[in-house]
Each structure stands twice: as C-alpha cells, then as structure tokens.
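Novice: Below: one structure in structure tokens.
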Amino acid sequence: MKKAFVKSYGCQMNVYDASRMVDLLGREGFVETGTVEEADVVVLNTCHIREKAAEKVYSELGRLRVLKGERAEAGQDTTVVVAGCVAQAEGREILNRAPGVDVVVGPQSYHRLPQLLAASKAGRVVDTEFPVEDKFDHLPARRTPGVSAFLTVQEGCDKFCAFCVVPYTRGAEVSRAVDKIVAEAERLAAAGARELTLIGQNVNAFHGPGPDGRDWTLGELLRRVAAIPGVLRLRYTTSHPRDMDEALIAAHRDLPALMPYLHLPVQSGSDRILAAMNRKHDADTYRRLIDRVRTARPDIALSSDFIVGFPGETDADHAETMRLIADIGFASAFSFKYSPRPGTPAAESEDAVPEAVKSERLAELQALLERQRQDFNHATVGRTVPVLLEKPGRHPGQVAGKSPYLQAVQIDGDVAAIGTVVPVRITRAGSNSLFGEAIGEAAAAATAAA
Ligand code: 5AD
Ligand code: SF4
C-alpha cells in the first residue's frame, strides 16, 4: 500500500486544500499516514503570508532531504511535493534552493497532482498556472468529512492591502457557482457533516452565479445552505469590513443555524495606518459596523486580526489600536508583527518600526486581547449553551465540541453522541477549554452508554 503524508501550514483555505489533496491521492491508491518516515509521497502545503511561515518550509525541506536519502539507501523512493502559496510565489526558485523537491504545484492547479506525480518520474516539475478549468470539477467527493467541515466558496482577493501577498499568490477573486456549492454541501451533510464553514480569502465578497442567472451574495448563499437537511450550523470566514452588506447582517438576525460569531479583521485602530494599509475604511466605520451587527445579533462574539509595527506606525497610532480593542471587546483574536513581503507595496517603505518596538507593542496588545478572551470565557460559566459534539475528548468518557461562540467545550459523555447538539451547563473555564455537563434528556442520552 502506497502512503502519503500531507502537512498544511497557515490558513483554513490551506486546511481545505490539503484535505482535498488527501482525497485525490486516495483515488490514486494512497492511504494517508501521520508518520513522515513511512511516506512514499510527502506534500507540504505551504503558507507565504509572513516571512516566518515561508522560512519554516525550507527548514522542513532540509530535514526531508535527509530522510529521502535514508529511504533511498533502504531502496525506497520518496516524492517530495511543495504545494500552496510558497509554491505559487517562488515556483522554480524552490527547485534551486531545495534539491530534494520533485514537484512544485500552486493552489490553483493541485487537481493535476496525479499527472504531476507521474511526470516527476522523468524529471522535476513545476505547475503554478491559473488554469481555465475549474479545479473543483476534477476533485473526488470527500468520504469522511468529520462533524465540522470547511467548504470553499470563493478564492483570491482583489483588495490589495499594502502588506498582503494573497492577491498575488491566490490571484483575483473568483466565486464558485451556487449550485456547485449546494451540491457539495449536500454531499457533506449526507456524509455526516453537521457544521459547515464556508471559506474564502475574502468570503463576504462572494458573488457566485445563482441558479436564477443573477450573482448571489453571501447572505443569500447562507440562507440557501441553511435549508439543507442535516446542516445544523453554519459559519463563514474570512471577511473584509467593506463587504459586510445588509443582507449578510440580516442573515445573522434571521438564520438560527448561522452561529453568532464573526471574524472580521480590522488590522489597526489608527485611521492614518488604515489608509497607509489601503484598507479602504477608517476606525469609526468599523465601530459603526460592529454596532449594526450587534443590533442584529446581540450575543455575537467578535474576533479580529491585528498587525503591529506597520511602517510608520507611531506610539499614538498604536494607542488608537488599543483604544479600539478596549471599545469593542473581542472574544478571540490573532495578532502579528508586521513582516515585509516581497512584491507588496508596503515592503518598499523606508520608515520601518524597530523590532524591539514591534515586540513591545505586540506584547501589550496581546495582553489586552488575552484578558478579553478570558473574560468572555468566564462569562459563559453558569450559562447553558448548545454544544455540537465533534470528537472524543481528552480523556476516556469525555466528548469534545464547540459552543456557538466557537469555544472548545469538554463534557462527560459517550462518543455515540458525536454529531448531535446538546444543551450544556458550563461549570468551569480553563485556559483553552470550557468544561460543563449535558443537561436534561441530552444528559441521559449522552451518558447512557458511558
Ligand atoms: N505581516 C504581518 N501580518 C500579516 N497578515 C497578512 N499579511 C501580513 C504581513 N505582511 C496578517 C493579517 C491578515 C492575517 C491573515 O495575516 O492580519 O488578516
Ligand atoms: Fe490580504 Fe487584504 Fe485581501 Fe485580506 S483583504 S487577503 S489582508 S489583501
């Protein structure tokens, strides 16, 4: 039996692509392995968003070269594939820097992986094209999606934030057709998925052709997918503030299946920096937008991305970001030091913020965000929340799931309850998980066989 090891770095789009590559390799007779030493094919699905992420790939490729040599001595072939955004951005250059690599394939052409693997027997191959055919039409159906599954509805980005490589690595924005998305969602639900997260680099810019010949918005798409039997929960990510339209906000008000959680990156609270970043909105527009979302869905939990130390950022700019965080209150967040990326406009700037200042600002910002996260989690203690049970818990007799607010929850219960939503009274907040007990009939069902 041939074995494939697939490792993904970076965002949810890559997680989705990696799972599709596993399906594709499955069709070619490969079984997935978690042990790289026994893999005949190794795929690194790479991320180019920050320098650290991109450099990690090269150290991994160095280790793989050694492993490949050892396997060769034992008479075993190993094919090393670099996929994802580093593949797209650096292409042939990877072959020069990493002698062990056999195949370089970009995020828009990985459906050709079987042909590329075959071609690599004759020599190293690179495919970083943006082909005209729809890669999704060439991928096999997913067999075991899990209780919570990602579904790509849109790819690429036309926003061109000054710091970001995505418009270059993932290309222009493209939305999938509504009927294809609905068909994939129906297949996922039939295979046991209960929660679908519609994903895209700029998902709320979705404008896929609908069955009525019009382009649909994300709000309309969510309404349609919510009607699919078996789909209990919906989420979407990642969004841009400029594309939060009325229909999407109304979906948060009207659709019980749409979870009260919104990841809406703001990056900075300073108007000067937001303008320099080419974000096309100011801090007050973001505040007013959040007010409207909260009016539609008062219990919505908010999440965001922040960059500290963008070129030219002063202490006063940073203070504005801290003020915005304090004003809004986030349930969770991701925050990063600015990392100059080749080919982006901001990389040309000369007023770089010193590394030590970036570190200081990041620590201050993360301390506030962490306090807000802990406060949010502690506020759930004593409440009863519906939890979608997704997998066995950390210890035998425990089951793990998610609250509507994307908090990890552990309860005592039987794995037979996985895939159901049960009311759980939260009894304790740990640093990364909530703990609780299933109540009422659900408790009886959940613990019947435990
Ligand atoms: N430096 C630091 N962070 C970045 N991000 C994107 N590009 C950069 C960069 N050059 C962050 C943004 C984005 C998230 C996915 O990654 O916050 O929302
Ligand atoms: Fe990058 Fe901005 Fe597009 Fe997000 S919206 S992918 S940060 S260019």
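Glycine too: its Cβ is placed from the backbone N, Cα and C atoms.
Pulled these from TrEMBL:
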- 2-122: domain 'MTTase N-terminal' (DOMAIN)
- Cys11, Cys47, Cys85: [4Fe-4S] cluster 1 binding site (BINDING)
- 143-375: domain 'Radical SAM core' (DOMAIN)
- Cys157, Cys161, Cys164: [4Fe-4S] cluster 2 binding site (BINDING)
- 378-440: domain 'TRAM' (DOMAIN)
Novice: Which binding-site residues among Cys47, Cys85, Cys157, Cys161, Cys164 have CB under 6 Å of ligand 1?
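Specialist: So the answer is Cys164.
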Novice: What counts of helix, strand and coil residues does DSSP assign across the domain 'MTTase N-terminal' (2-122)?
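Specialist: Residue counts in helix, strand and coil order: 64 helix, 24 strand, 33 coil.
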Novice: Output: those binding-site residues from Cys11, Cys47, Cys85, Cys161, Cys164 whose CB lies less than 6 Å from an atom of ligand 2, in sequence order; none if no residue fits.
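Specialist: Those binding-site residues that pass the cut-off, since their Cβ is under 6 Å from ligand 2, are Cys161, Cys164.
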Novice: So of all those binding-site residues, Cys157, Cys161, Cys164, which one's Cα sits nearest to Cys47 ([4Fe-4S] cluster 1 binding site)?
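Specialist: When the Cα distances are compared, Cys164 comes out closest.
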Novice: Would you mind listing, in sequence order, the residues at least six apart from Cys85 ([4Fe-4S] cluster 1 binding site) in the same chain with a Cβ closer than 8 Å to its Cβ?
Specialist: Gly10, Asn14, Thr46, Cys47, His48, Ile49, Pro107, Val165, Val166, Thr169, Arg170
Novice: Whole-number answer please: how many Å between the C-alpha atoms of Cys157 ([4Fe-4S] cluster 2 binding site) and Cys11 ([4Fe-4S] cluster 1 binding site)?
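Specialist: Spelling it out, the Cα of Cys157 ([4Fe-4S] cluster 2 binding site) and the Cα of Cys11 ([4Fe-4S] cluster 1 binding site) are 14 Å apart.
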Novice: Using the Cβ center of Cys157, Cys161, Cys164 as the [4Fe-4S] cluster 2 site position, which other residues in that chain lie within 8 Å, going by their Cβ?
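Specialist: After dropping the recorded site residues, what remains is Lys159, Phe160, Phe163, Val165, Val166, Pro167, Gln201, Asn202.
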Novice: For Cys161 ([4Fe-4S] cluster 2 binding site), write down the residues of its own chain that are at least 6 apart in sequence and whose Cβ falls under 8 Å from its Cβ; none is a fine answer.
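Specialist: In sequence order, Gln267, Met277, Asn278, Arg279 meet the Cβ cut-off.
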Novice: Cα-Cα, whole number of Å: Cys164 ([4Fe-4S] cluster 2 binding site) versus Cys11 ([4Fe-4S] cluster 1 binding site)?
Specialist: 14
Novice: So what pLDDT does the domain 'Radical SAM core' (143-375) average out to?
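Specialist: In the predicted model, the domain 'Radical SAM core' (143-375) has a mean pLDDT of 97.
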Novice: Taking 10 A as the limit, how many CB atoms besides its own sit near the CB of Cys47 ([4Fe-4S] cluster 1 binding site)?
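Specialist: Within a 10 Å radius of the Cβ of Cys47 ([4Fe-4S] cluster 1 binding site) lie 22 other Cβ atoms.
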Novice: Under the DSSP assignment, what numbers of helix, strand and coil residues are found in the domain 'TRAM' (378-440)?
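Specialist: Summed by class, the stretch gives 6 helix, 33 strand, 24 coil.
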Novice: Have a look around Cys157 ([4Fe-4S] cluster 2 binding site) and count the other CB atoms within 10 A of its CB, chains all included.
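Specialist: By my count, 23.
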